[in-house]
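In what follows, a single structure is set out as structure tokens and then discussed.
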Amino acid sequence: MTSHLIRGAAPVGAEPTDLLLADGVITATGPDAAAQAGSETRVLDADGLVALPGLVDLHTHLREPGREDAETVWSGTRAAALGGFTAVHAMANTQPVADTAGVVEQVWRLGREAGWTDVLPVGAVTVGLAGEQLAELGAMAASQARVRVFSDDGLCVWDPVLMRRALEYVKAFDGVIAQHAQEPRLTAGAQMNEGVVSSELGLTGWPAVAEEAIIARDVLLAEHVGSRVHICHLSTAGSVEIVRWAKARGIDVTAEVTPHHLLLTDDLARSYDPVYKVNPPLRTQEDVLALRAALADGTIDIVATDHAPHPVEAKDCEWADAAFGMTGLETALPVVIETMVEPGLLDWAGVARVLSTTPARIGRAEGHGRPIAVGEPANLTLVDPAARVVVDGAHQATTSRNTPFQGRTLPGRVVATFLRGRATVLDAQPVADHTGGTR
Ligand SMILES: NC(=O)N[C@@H](CC(=O)O)C(=O)O
């Protein structure tokens, strides 16, 4: 297996150094790295680059099985590697739904075969995402896929009795319920954020309280049964306040925000371009600022992409008929740099925390989110913070074209990604023989 000597990269919070990657781990740092490199070691000049632990996405839609026209495990994880990710959690709203050991093992196996990132399947909480009966959570946890995150994402586990049972059940195998907080009755027919813009446009509004009411309920349920709970894609200032209250009370809650909710607002709906239609909806600038502040102060734990690829026909239509969702794997890190690093809200150690260490911990992604140190698995991302790149969906690796950042210039470029010491991305390009021909 090829070994790599990375010269002069700056690991987060540390001075530039050399890193030697061999046999899947970091075998040496500093002057030892070059000294121990062999004649076949590939040398990478990483002067000016930041070395981050490989990014981990707790919330990706890979669409396989069932909607391979939108994305496959192969195409989605290749996009993920280009975005700097070494592990992604694949959401369960596939066709068939990932609600059995058989389906989660299939997704896990496809991830292994593709070899771009680790794929950690998320199991559905309820059979068929129907919200009526608990799925085989224990069987999915005990399967080869070792599922630890369970979610009906796309739909809310609305029934409080089912939610309570799910929270209690997953404790036995260290699992977590990731809730898509959306009160269904309050959002029937909703098309966008409820507010000034929705009234002007005459589109059915989606009130903030529909999200906040479920979060309030679920943190109280988690406290009652002594379980941990994770809240998907927080989108309102009020949600932040509830999570802040819950954490102060000692409730074991974690929360994520998406890159698009850190940057975009419901004003964009004025274009009637369905690329801006997403669940939860884009909110107001006040919400955006509250989400950024909460990510900076740790109330929100992580950034998760909610990469939701859709085929052209699902977006190239009237707003009301369009699917909810935006792609995000290839733009997540640049958006975090723009919204959090450049304004001084997060430093690089903070970026590593919200995009790698903490998502790996919440999702129990073993071997990911580890320190950049000798003996640790060589899951790494090298970023050029000085680069500026114009987003062009036509040239992205995802099969789908629904990026809301089309034409924007964003800071930062992922130059290289390593999965257990193998390069999946080099010179910002996917590496064709990234599996080393062994898988
Ligand atoms: N986030 C989205 O807007 N879409 C998601 C699921 C969802 O509707 O939440 C999808 O699977 O397309």
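The backbone N, Cα and C atoms fix where each Cβ goes, and this holds for glycine too.
Summarising the annotation, TrEMBL assigns domain 'Dihydroorotase catalytic' to 50-236.
Sequence annotations record features per position, and here TrEMBL assigns Zn(2+) 1 binding site to HIS59, HIS61, ASP153, ASP306. In sequence order, GLU71, GLY76, ALA90, MET91, ASN93, ASP306, HIS307, ALA308, PRO309, GLY325 are the residues near HIS61 (Zn(2+) 1 binding site), counting only same-chain partners six or more apart with C-beta under 8 A.
In the shown protein chains, 27 other C-beta atoms lie within 10 A of the C-beta of ARG63 (substrate binding site). Look at TrEMBL and you will find HIS61, LEU62, ARG63, ASN93, ASN279, HIS310, PHE324, GLY325 tagged as substrate binding site.
Over all protein chains present, the Cβ of ASP153 (Zn(2+) 1 binding site) has 25 other Cβ atoms lying within 10 Å. As annotated by TrEMBL, Zn(2+) 2 binding site applies to ASP153, HIS180, HIS233.
Here the Cβ of ASP306 (Zn(2+) 1 binding site) has 30 other Cβ atoms within 10 Å, regardless of which shown protein chain they belong to. The active site annotation in TrEMBL covers ASP306.
For the domain 'Dihydroorotase catalytic' (50-236), the model gives a mean pLDDT of 98. Neighbour counts of Cβ atoms within 10 Å were taken for the binding-site residues ASN93, HIS180, GLY325; the minimum is at ASN93.
Closeness to ligand 1 is met by HIS61, PHE324, GLY325, these being the binding-site residues among HIS59, HIS61, ARG63, PHE324, GLY325 whose Cβ falls under 6 Å from the molecule. In this structure, ASP306 (Zn(2+) 1 binding site) belongs to neither helix nor strand by DSSP; it is coil. For HIS310 (substrate binding site), the same-chain residues 6+ apart in sequence whose C-beta sits under 8 angstroms from its C-beta are ALA70, ALA323, GLY325, SER400, ASN402. Of the residues the record lists as binding substrate, namely HIS61, LEU62, ARG63, ASN93, ASN279, HIS310, PHE324, GLY325, the two whose Cα atoms sit farthest apart are 17 Å from each other. Cα of PHE324 (substrate binding site) to Cα of HIS233 (Zn(2+) 2 binding site): a distance of 14 Å.
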